[in-house]
């Protein structure tokens, strides 16, 4: 006890502090999200997400090269199609925007890992993540018919060269359905990163501007999780593990670090944390107003995800963080 035990002894110098640091953020932890749109030479900034852009495929390739040069190992692609319909055709069509972006990136930067978001909300004309009953205005997605769309989408993305399939729609049984579809088409070696614990969160607002994916009516609470629940997250993860998930994700991250920790304690699989758009935009807005030190707050936040148990971090801060970590 004091005065014999003095924890401050190990905090006296920067070198000592670094030697005993329990969790260290590295560029290898980072995954950078990108939004692909039709056209050429397009780089349209998302108003609610300073520094984030909707990009045409040629610009996506430029970004992918920069990401690679910064040492970031992976990107995750989201698509914004020109046309939307009830069948989410743009999600699974071989000439879909994400398929084109995937092919272009893998050709130009073959060593960069391309993760593809496997969801339907950006591609449906109602903004929900699957088929709806005729006349439904509440957002109650028909689960099992939607699985058929997700299977087609995953196979199409794999055909385009995706390295990792990341289903995010929170449909019951979606991991098993996608795993079986991939295996049936000789894609046994493509891993699945499941959005296993995805909450119905208010932090997604800016993303829906970026991805043009806001529901036209109702909400997503019948398929995304209640923010008040934690045991349910463990159940979702357990089911996804049984269905064949190779990695699992918690989304959002900042307000759900207890969930990251609990999931990390229950599984040996890699756990990803999605530092979502609202979390990003709050930091950006405060920094632009001079209220916080953007670099310090960002690196502290990302390190906290590591401390909570995240092995991978999807973040719009990835490029900035990579530069800061090099300094």
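Just so it is clear, glycine is given a Cβ too, placed from its N, Cα and C backbone atoms.
What Swiss-Prot annotates here:
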- 198: active site, schiff-base intermediate with substrate (ACT_SITE)
- 251: active site, schiff-base intermediate with substrate (ACT_SITE)
- 119, 121, 129: Zn(2+) binding site (BINDING)
- 208, 220: 5-aminolevulinate 1 binding site (BINDING)
- 236: Mg(2+) binding site (BINDING)
- 277, 316: 5-aminolevulinate 2 binding site (BINDING)
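Recorded features from Swiss-Prot, shown on the structure.
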{"residue": "119", "record": "Zn(2+) binding site", "DSSP class": "coil"}
{"residue": "129", "record": "Zn(2+) binding site", "DSSP class": "coil"}
{"residue": "198", "record": "active site, schiff-base intermediate with substrate", "DSSP class": "strand"}
{"residue": "236", "record": "Mg(2+) binding site", "DSSP class": "helix"}
{"residue": "251", "record": "active site, schiff-base intermediate with substrate", "DSSP class": "strand"}
{"residue": "277", "record": "5-aminolevulinate 2 binding site", "DSSP class": "helix"}
{"residue": "316", "record": "5-aminolevulinate 2 binding site", "DSSP class": "coil"}
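Checking each of the recorded positions 121, 129, 198, 316 against residue 236 (Mg(2+) binding site) by C-alpha distance, the shortest gap belongs to 198. Note on proximity: among 198, 251, 277, 316, the recorded positions of the record, the Cα nearest residue 129 (Zn(2+) binding site) is that of 198.
Put simply, 198 is the one of the recorded positions 121, 198, 277, 316 whose Cα lies nearest to the Cα of residue 251 (active site, schiff-base intermediate with substrate).
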